[in-house]
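A short write-up of the structure that comes next.
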Amino acid sequence: MCWNLTPSPDYAPTPKQTRGESELAKALFSVTRMTDSTCAVPVEKAINGLPGIHEAVVDVLTNRAQVLYYPSLINEERIRETIEKVGFQATLIKDDTIERSTQVCKIRISGMTCTSCSSTIESALKAISGVQNAQVALATEKAEVHYNPKFVSYSQLLQVIEETGFEGTLISSGDNINKIELKVDGVDTDHSLNMIEKSLQVLPGVQEVEIYPELSKVSISYEPDMAGPRTFISVIESTGSGHFKATIYPREGEETGRQQEIKQYYKFFVWSLVFTIPVFLTSMVFMYIPGIKMVLDTKLVNMMTVGMMLRWELSTPVQFIIGRRFYIGAYKALRHGSANMDVLVALGTNSAYFYSVYSVLRAAYSKDFKGTDFFETSSMLISFILVGKYLEVLAKGKTSEAIAKLMDLAAETAVLLTLDDEGNVINEQEIDSRLIQKNDVIKIIPGAKVASDGYVLWGESHVNESMITGEARPVSKRKGDTVIGGTVNENGMLRIKATRVGSDSALSQIVQLVESAQMAKAPVQKFADHISKYFVPLVIMLSFSTWLAWFLAGRFHSYPKSWIPSSMSSFELALQFGISVMVIACPCALGLATPTAVMVGTGVGASQGVLIKGGQALESTHKVNCIIFDKTGTLTVGKPVVVDTQLLKNMELREFYVNSEHPLAKAIVTYAKKFVADKENPAWPEAQDFISITGNGVKAVVQNKEIIVGNKSLMLDQNIAIPASAEDILAQAEGMAQTGILVSIDREVAGVLAISDPLKPGAQEVISILKSMKIKSIVVTGDNWGTANAIGKEVGIETVIAEAKPEDKAKKVREFQAAGYTVAMVGDGINDSPALVAADVGMAIGAGTDIAIEAADIVLMKSNLEDVITAIDLSRKTFSRIRLNYVWALGYNMLGIPIAAGVIFPFTGFRLPPWTAGAAMAASSVSVVCSSLLLKYYKRPHKLNNLDLHGIQIE
């Protein structure tokens, strides 16, 4: 099975810009047979899914397709063939070469705390001349920027991110390009660096070379079809005449950055405790120990005591050194016209700290001042917020465990074989799997992981592919069969030829799809983004209003003096209420409610074999109340077999159906092989003037006879009379859920073939469960009415639509949408692509065509119908969790802020000190992340565990 599970990009993928001239070609095609705007979508998606495509635009009105592509990666003939595979005729009109204009870079960003941070970065990037679009995801801590390298470089993008107060690290600056990092020892001069850079730049396929002298690291971006890492190592070592030693650079990545952030927060928290604990003890504990209290109350200058001075000295490092990150974040946010959590923390802690400084200084100059300080408030606030951020980063790291587990499937090492001209092994070498190049021959021993996508050159074995395809039973592999990297070889030894390496491998594409899904925002996230714009300014206003209200109430004696603690004045009580309001408000919990749940949900889906392409798909799926199923390959196994033949005269049709790729054609050819001596290499008479008539059948001339094979509609269109005996045979076959195929020789019906395609295991149970979920099921198929009705009856679907062309399927989808349904389309073939695109949610069977997979919103990797239910149920559970997160985040703020403002204080005497409010704020965001993490324990509906999913053996 050949997988191409690259996610549907919002923008066309573009290779990385070279240091020299980089050419982009423009091809114009005439595309016929397009009937409406829905026809353009599958053509565009099919072309954009090809490697080396920059952009494809299809105009139905003019029947033209304009394609921008890179000639070094793809040619116009392959583009034309792809258009025709979708079901349309294409002719090349014009081919020009122009200069490339757009690149896509991905950046890892650290230091974001809430949606206000991500919005600030997004706005700053979009404001740059040359940036076409920018998307920043808070939960994944990544940004994707589409930019024109003529006007701005990715280094400038990183600089802008740093200017907003965050740290950016480049992940990649282009798509469809592999990147390898090498460690080079022995380089000690600038001349040596220049030699290495120049020697690599001249290699074919090398896009970019970056050298980091302080790390002894060389980063190379290249096209895997033209170059590879072992070539780079050889060139580097030969350049230094043996003085340079190049090796693969130690694995780094997102997990390394996450661990560094965790360590940083932990270090800050520990240092804050070193100072905060003594401050807390001197203000809250030692005051009740007579001997220590006497020492702390010793006056130094006038009313300034030892305790005051000690707390001032201990809290100052916490405020300005350990808390420095809050000042920087607040300054950068305000400078760019926004306000985030750092602003609230900085204002709250500074209010407490500088009022305390005022109290200490006034005590030093006064002989009767009896005010108190709040140094413990500022230092404890910062400590609690740091421990909250530490726990939050720990929890957020667990939301991306699904990707880490997928990446762990990749083999660490590989056994590289060197063969002579006769195919004999002359050398074996164990290498890092990242050093595998295209067309390498790899040895896979029993029990080892398959190191790369490829095909078997020699040997027989069984391979466990459950971790990639979900197929529970080991799959037999022999010469010519494809293998997938990351799967496990069970028993025999294999030699494979690597075909797709690096980012082109199936495993890498699955990881990219999941990462892309976690980057994309769900529409419901707009709610939090909208609130975050006004949240912080509103909280500051509420905080000031709270202080002012309590201050004026105290000044005008509007409440009893007994409400004021003995150690405070009315001003200080008002100040405490104001600070509590400022620090208890938490925009982080609101901002994390959706992205963390989407991250965990898409990760869980991937582990269940359901690849969901982003928050939009996840949100739409939970609303689905109508599912349209294709028949062949979706409800049925997709491996039709000839079960009966009725000859009305002598005929021979096997020779021209070899030319057709339709499943029914393959079934006929397989059946015909039973009647030839050499079943492996049968000799067929040559078919001439072969014509495939989409959705109906084929025509050809064989041995000077015109032969037409197809359905009843084709015969009628060709004005061929259908005898009553053939009509009876067709009716009988259709009544048994079989497809009847007519054969005409020289315009006379010569026979009927009955072809059966068994239902998939558990199909009836799945439809029954969908009914119990109040979801309407429909069959839309290109097959005849008799067969379609029989299948519908057998599986339990009441609404059946037959003899539908690809464009008819899309129209039916729109009709049900117009009737008020949220429609999901489940299909596997090219002819399902228009309907998959038109549906609210397109679900592609993983064993289907690459075009169907590209057009879909969800890919069901196991090709099991039960995963349709899993996808819907997971989506519903995820959005229930998102709603719960929002209820908690909003409820926390709506209850917490009034309590912190002292609304219940007059009735209960309960007051929330600022440091307690800060601890509550830290706990709120952690609780939202932990709530989302509960999705990791998702179990599919228990009804699915009782399905009989035994395999079907077809003889």
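Each Cβ is built from the backbone N, Cα and C atoms, and glycine gets one as well.
Bear in mind that TrEMBL entries carry predicted annotations, made automatically and left uncurated.
TrEMBL assigns the feature transmembrane segment to residues 886-909, out of the candidate ranges 46-69, 886-909.
If you look at the transmembrane segment (301-322) against the transmembrane segment (886-909), you find fewer than three C-beta pairs under 8 angstroms, all six or more positions apart, and that falls short of contact. Contact between the transmembrane segment (573-593) and the transmembrane segment (268-289) is absent: fewer than three CB pairs lie under 8 Å, with pairs separated by 6 or more positions in sequence. The average pLDDT computed over the domain 'HMA' (103-169) stands at 80.
The stretch with the most CB contacts under 8 Å to the transmembrane segment (915-935), chosen from 268-289, 343-365, 377-395, 886-909, is 377-395.
Sequence-remote contacts of a segment are chain residues at least 6 beyond its ends whose Cβ falls under 8 Å from one of its Cβ atoms, and for the transmembrane segment (268-289) they are 296, 307, 310-311, 314-315, 317-318, 322, 325, 373, 375-376, 379-380, 382-383, 386-387, 390. A Cβ distance under 8 Å defines the sequence-distant neighbours of the transmembrane segment (377-395), meaning residues of its chain 6+ beyond its ends; these are 113, 258, 261-262, 265-266, 268-269, 272-273, 275-276, 279-280, 314-315, 318-319, 322-323, 326, 345, 348-350, 352-353, 356, 576, 579, 583, 588, 592, 913-915, 918-919, 921-923, 925-926, 929-930, 933. In terms of DSSP helix, strand and coil, the domain 'HMA' (25-91) has 22 helix, 24 strand, 21 coil.
Packing against the transmembrane segment (343-365) from elsewhere in the chain are residues 300-305, 308-309, 311-312, 315, 319, 323, 326-327, 330, 333-334, 371-375, 377-378, 381-382, 385, 536, 539-540, 543, 572, 575, 578-579, 582-583, 585, 914, 918: each is 6 or more residues past its ends and has a CB under 8 Å from a CB in it.
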